[in-house]
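Taken from TrEMBL, the feature domain 'Major facilitator superfamily (MFS) profile' applies to 1-373. Marked as transmembrane segment by TrEMBL: 40-60, 80-98, 133-152, 172-193, 205-224, 285-307, 319-343, 349-369.
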Amino acid sequence: MLMARALMGFGAGNVAVVRSYIAGATSLEERTGSMANTSTCQALGFILGPVFQTCFVLIGEKGVTWDTIKLQINMYTAPVLLGAFLGILNIILIITILREHRVNDSGQQCKNTNFEEASTDEPHILQRNIDQVAVVATNVLFFVVLFIFALFETILTPLTMDMYGWTQEQAVLYGGIILAALGVEAVVIFMGVKLLSKTIGERAALLGGLTVVLAGFLILLPWGSQLPKVQWEDLHNNSVPNTTFGETIIGLWKSASERQNEPPTGCPVEQAWCLYTPVIHLAQLLTSAGLLGIGYPACNVMSYTLYSKIIGPRPQGVYMGWLTASGSGARILGPVFISHVYTYLGPRWAFSLVCGIVVLTITLLGVVYKRLVAFSVRHGGIQG
């Protein structure tokens, strides 16, 4: 299992290769739409993957066995075999269909993939330096975008268990439904952002996406006077839990055996903030999730589209590798950050810090806004 996961980790670099290929095979005008289409396909994969896995449950644990090669196909092995089949199919498509195709930012065909021999008209432009400040800034922007969504995915289950007294099974089920809905919403946004960027430009779309994300986390901040249901199961003293009249009646109605079989629900009293932090209402959570489902896809596709244009009409594999590494680091650090801050300080501190991070990111975008332009536009090869 560890070896398989390690090999899959090497395969994660394919994302950088795909983006690099698209950047080299499209003109500036085509770039945003092509990147958005790629993100749409990726989002569909994230949606359909769990759907297929759920369908394979119908096969059952026993499944069927191919005695000739001692292969058992059941609900556990079928997803793996499907993944292997799709991998083989991709290899065949790459060998038979995919061809090296490179154009400059104007869309003119290049002779080969070596930008130094691409044309005789633009060598003075291609020899110009890439704006490294814009490159670093875009990496930071991309890091924050993935950091924010990764921490939202991580905190969704414990947040709903603490705020609404859901069991772990309920939190996983309803959280999965929410994330699936966000995936469908992301597909729509990915398609719509292509049209929007033609009207207002990629930089404005990125700024708008970050503003929507900020609004989403501002809405998620706790307010009011109602406190969450506190989990007193493990408290062995004479303290009286802060329960409502309805909860008290329900507790008396249930038999002792029912109460013993049920896992404790609510906000654990070990988390001191549960005793004074207001509850985050379900309407707040759903509204915030809807806004994140708008802002995240827009920021995602706009950030690496701008990045590819900043690098210009030269091989982008190394640069795209840096961007992918930035995103991978965000998906590692985001869950660690939110888990610790939420557990020890509560949602008010956690989401306030996230809002602060987004405000700093918007400020960074404002500082480098004029530098986030295409390589050819910056050096006068194409009119912006």
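Keep in mind that glycine also has a Cβ here, set from the backbone N, Cα and C atoms.
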Spatial neighbours of the transmembrane segment (205-224) far in sequence, C-beta under 8 Å, 6+ residues away: 141, 145, 148, 193, 196-197, 277-281, 284-285, 287-292, 294-299, 302-303, 306, 346-348, 351-352, 354-355, 358-359, 361-362, 365-366, 369
Chain residues outside the transmembrane segment (319-343) and at least six past its termini with a C-beta under 8 angstroms from it: 12-13, 15-17, 19-20, 23, 135, 138-140, 142-151, 153-155, 158-159, 271, 304, 307-308, 311, 349-350, 353-354
Remote residues contacting the transmembrane segment (133-152) - C-beta distance under 8 A, at least 6 residues beyond either end: 206, 210, 213, 217, 289, 292, 296, 299-300, 303-304, 306-307, 310-311, 319, 322-323, 326-327, 329-331, 333-335, 337-338, 354, 357-358, 361, 364-365, 367-368, 371-373
Long-range Cβ neighbours of the transmembrane segment (172-193) (under 8 Å; 6 or more residues past either end): 32, 36-37, 39-40, 43-44, 46-47, 50, 153, 156-157, 160, 166, 205, 286, 289-290, 292-294, 296-298, 301-302
Residues from the same chain, set at least six apart from the ends of the transmembrane segment (285-307), whose C-beta lies under 8 A from its own: 19, 31-32, 35-36, 39, 43, 135, 138-139, 141-142, 145-146, 148-149, 152, 159-160, 163, 178, 181-182, 185-186, 189-190, 193, 196-197, 202-203, 205-206, 208-213, 215-217, 219-220, 319-320, 323, 372
Stretch-averaged pLDDT - the domain 'Major facilitator superfamily (MFS) profile' (1-373): 80
